[in-house]
Amino acid sequence: MIGLFVLLLKREALLLCRRPAELANPLVFFAIVIALFPLAVGPESQLLQELSPGLVWVAALLAVLLSLDGLFRGDYEDGSLEQWVLSPHPLFVLVLAKVAAHWVFTGLALVVLSPVLALMLGLPAQCFGVLLLSLLLGTPVLSLLGAVGAALTVGLKRGGLLLALLILPLYIPVLILGSGALQACLHGMPATGQLLWLGSLMVLSLTLSPFAIGAGLRISVGE
Amino acid sequence: MKWTFFHKLGSPKWFYEISGRWLPILGWAAVLLILAGTVWGLVFAPQDYQQGNSFRIIYIHVPAAFLAQSGYLLLAIAGVVSLVWKMKLADIALKCAAPVGAWMTFIALVTGSIWGKPTWGTWWVWDARLTSMLILLFLYFGIIALGQAISNRDSSAKACAVLAIVGVINLPIIKYSVEWWNTLHQPATFTLTEKPAMPAQMWLPLLVMVVGFYCFFGAVVLMRMRLEVLRRESRTSWVRTLVEQSIGRGGSA
């Protein structure tokens, strides 16, 4: 089982490395959205620092959402998904490998990029630990929940906007807890509570959502 | 416990017959209860000592909010039944109840904001309850949109069922996180006066209204379901004879 998991991860990594543009797009999007806000609300550093927890999190959330549309699309079109559904291995393991690869190449990449952009927004350096930790715990939840929506809409021609409609309301707890952790840190308060909540949300979605993703894929493939 | 009742629900014809008997009862109960509750609540219930007459919108706001949440729960239950027992009637229930629930949520939001104007001084505050209601409305929109986007009827019903179940697991998490967010961010400018233990003259009409709204919801969903059953079963012989009979009756009358 673990061998299969690793094999799938390698396949996903290879596929993504062959199309580096897909790898870079969410990151560039993340950076552009962050750059839009100072242009919209003005360059005052005090204001930007106050807003930065929310801005970083909203931008990260949108970047993950944008990358989800293509999560199962390629496999759906070339028929690999059908093979997955037919294969003797449990579907949730295959799905988990797929989502793990997606997270490593978008979520983790966002985590690595975020300190640079947060620095540009004026987030003080002592908050970087909380920033990294909150994104590290929160982005897997975004990937997993988003994959449920992606699985349900993969068979549709114009699923992108629908995907946002389905998934964004479900992202709200992560947004609240993630930006709440940063806000607490910004005001010199401990952020442990929010981080622990984010961790438990991650565990919850890690255990439950693969089944929902699998069910969604079966429906989309069966159509 | 006898399960024949449950298995019979799988038959659209049986459902159509039995729901035809329930519908008048539910419908009349809804009319009477809502009429009685409205008159009682708007005319006879005493004024609130702080909010005066403006509190009377509670008699619409609270029942609608009740139904908004129960409606989503109903969608999830129908989703589980549809996925586990593959019962077509559950698909129909899910599809027919979603817009009604969304309207209830909308009514709760609108009456809440109308109520907010005299008591809080603004139409909208990012109060925890209002915000979670708004998110609930978006969840309803998601289910309706997904149901309409997938053209195949069976896969559309299954997809909606999965989404409703995922949504209902998330609903408490969303609710508590929003409440927590609110207590963290919102300065105590607007404090909803702690609900005083209402006197019986106030909460009895509210209870009547809540029960009336439940009957109304049941009646509307049943009516929509009956129509949908007729539409889906339009090729079967029992629907044809039914339609011929009703046309015949209409012609002779």
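Just so you know, glycine gets a Cβ as well, placed from its N, Cα and C.
TrEMBL labels come from automatic prediction, so no person has curated them.
The transmembrane segment feature in TrEMBL is assigned to B:21-45, B:57-85, B:92-116, B:128-147, B:159-178, B:202-222. Feature annotation from TrEMBL assigns domain 'Cytochrome c assembly protein' to B:21-185.
Beyond the transmembrane segment (B:159-178), the same-chain residues lying 6 or more positions past its ends with a Cβ under 8 Å from any Cβ of the stretch are 72-73, 75-76, 78-80, 82-83, 90-91, 94-95, 98, 128, 131-132, 135-136, 139, 142-143, 146-147, 150. Only residues 6 or more beyond the boundaries of the transmembrane segment (B:202-222), in the same chain, are considered here, and those with a CB under 8 A from a CB of the stretch are 19, 22-23, 26-27, 29-30, 32-34, 36-38, 40-41, 44-46, 48, 58-60, 62-64, 66-67, 70-71, 93, 96-97, 100, 104. Confidence over the domain 'Cytochrome c assembly protein' (B:21-185), given as mean pLDDT on the 0 to 100 scale, stands at 89.
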